[in-house]
C-alpha cells in the first residue's frame with residue numbers, strides 16, 4: 001500500500017510539473033514575437049497618454065555630441081599620425 005501511494009504521488013507530481021513546463025504564460029503571434037500589451041494599453045501610441053512627445057531639440061543633442069566626438073577623434077588620429085605618439089587632449 002505504501003508503494004502504491006508513493007507511485008501515485010510521484011505520478012501526480014510528474015503530471016503537474018509537465019503541465020507547468022508546457023505553459024509559459026504567453027500567447028505568441030509567431031515564434032519570437034510574444035509581446036502582449038497590458039489591458040487598457042492602446043493599440044496606437046501616438047496621441048495617447050503613453051505618447052512620449054519628444055522634443056526635436058532634445059533628440060538632436062545626441063547626434064550633435066556624436067559629431068563633436070568624431071571631430072575630436074579625427075584631430076587625435078591626425079596628430080598621432082604626424083607626431084608618432086597619441087595625445088588625448090589635442091586642441
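Placement of Cβ uses the backbone N, Cα and C atoms for every residue, glycine included.
Listed in Swiss-Prot:
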DISULFID  28-34  disulfide bond
SIGNAL    1-22  signal peptide
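Taking the Cβ of residue 28 (disulfide bond) as reference, residues of its chain lying under 8 Å away and at least six apart in sequence are, in sequence order, 34. When other Cβ atoms within 10 Å of the Cβ of residue 34 (disulfide bond) are tallied across all protein chains shown, the result is 12.
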